[in-house]
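Participant: Got a structure here, written out as structure tokens. Questions coming.
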Amino acid sequence: MTLSPEKEHVRPRDAADNDPVAVARGLAEKWRATAVERDRAGGSATAEREDLRASALLSLLVPREYGGWGADWPTAIEVVREIAAADGSLGHLFGYHLTNAPMIELIGSQEQEEHLYTQIAQNNWWTGNASSENNSHELDVKVSATPTEDGGYVLNGTKHFCSGAKGSDLLFVFGVVQDDSPQQGAIIAAAIPTSRAGVTPNDDWAAIGMRQTDSGSTDFHNVKVEPDEVLGAPNAFVLAFIQSERGSLFRPIAQLIFANVYLGIAHGALDAAREYTRTQARPWTPAGIQQATEDPYTIRSYGEFTIALQGADAAAREAAHLVQTVWDKGDALTPEDRGELMAKVSGVKSLATNAALNISSGVFEVIGARGTHPRYGFDRFWRNVRTHSLHDPVSYKIADVGKHTLNGQYPIPGFTS
């Protein structure tokens, strides 16, 4: 195949010999020490992304026959949560990487699956996302894909919110055919080298949270897409959603990963607050106690935080097992399978969003005024959750659950459901 990014990376270990959750936990411990400083600085988490590359976790979902870990979805979800607990931006980046790679299997050919999975595993490739545009609505795709005589395309335009594009090796991109050919108006998906001439990831990401996700824009100027880099036929990705085919599993999987990024951040906030309350918080004098850990209202708050997380964690793990069950059905997937999964994931997304927002803001009540000093960085937890939880309105996820419960309706397959 023609798809072969110029840079290669030596795979440092046999992934099958390690516990991926333990590997992630070890990395998280290292990153936790610099998380506040890096959040304040923004920019790119270059060193930390190289840590992930060296760990071989980038091939977590790559089947073992292609050299990867061959991990199941419940394990992958746990890894995302461990990483996000230490650093929301890194959890975000790794989560997007995990949503990108299965696109190969969901809509690509067997040859593409074998080639790309093998390359990801052997060279520890990062995958980047270039699907969204800053237009009137999510289906208003304007990056043009002009067909070429050899069956490929030429891309022109700008994508936005390209999480992980900068520093990636493989870029997943969508374009719309805008010529007078029979393909006019069709959306094509492709996996191309990020280093391809004409691809420019820009340093223009600016938000209150997720500051090290490189989620800025990416320009495409006369970018050649080779025929064997095109994933599926024109409109294959769109039709998969309309017909509830296996390719439409991309969305419930992505939504579940997002939910677990939030839960990881909530765990990180709770852990950091607990340590502060135990070691630095002062008791409230009128309470007549000797230590802040004896305050009945503080104790109640920690109880409420923990209970909220227990419920959301349990729901998330149950949904991860359902993802695996549905994934294993392959082409035998039914619209009912897909609908039940999306309804379940919608509930998890709501639980995780609310729990993470409440905990990341509520911890300030148990650490006290001194804990608001920037050196502690407690605000980063809320900023990270608040920023990404606006990806798609959680109110619509709640409505999806309500429609399913009351009227037996499944969420309508789409790019956010």
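The backbone N, Cα and C atoms fix where each Cβ goes, and this holds for glycine too.
The region 'Helical N-terminus' annotation in Swiss-Prot covers 19-125. Taken from Swiss-Prot, the feature FMN binding site covers Tyr96, 129-134, 159-163, Arg282, 369-370, His391. According to Swiss-Prot, the feature region 'Central beta-barrel N-terminus' maps to 126-234, an assignment based on experimental evidence. If you look up Swiss-Prot, you'll see 131-142 marked as region 'Lid loop', on the strength of similarity to another entry. The region 'Helical C-terminus' feature in Swiss-Prot is assigned to 235-409.
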Participant: Counting across all protein chains shown, how many other Cβ atoms sit within 10 Å of the Cβ of Ser132 (FMN binding site)?
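Facilitator: There are 18 such Cβ atoms around Ser132 (FMN binding site).
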Participant: Which residues in the same chain, at least 6 apart in sequence, have a Cβ under 8 Å from the Cβ of Asn134 (FMN binding site)?
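Facilitator: Long-range Cβ contacts: His160, Phe161, Ser217.
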Participant: For Arg282 (FMN binding site), just count the other CB atoms lying within 10 A of its CB, please.
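Facilitator: Within a 10 Å radius of the Cβ of Arg282 (FMN binding site) lie 10 other Cβ atoms.
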Participant: Based on DSSP, tally up the residues of the region 'Helical N-terminus' (19-125) by helix, strand and coil.
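Facilitator: Result for the region 'Helical N-terminus' (19-125), in helix, strand, coil order: 83 helix, 0 strand, 24 coil.
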Participant: Ranked by the number of other Cβ atoms within 10 Å of their own Cβ, which of the binding-site residues His160, Arg370 ranks first?
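Facilitator: Compared across His160, Arg370, the most Cβ atoms within 10 Å surround His160.
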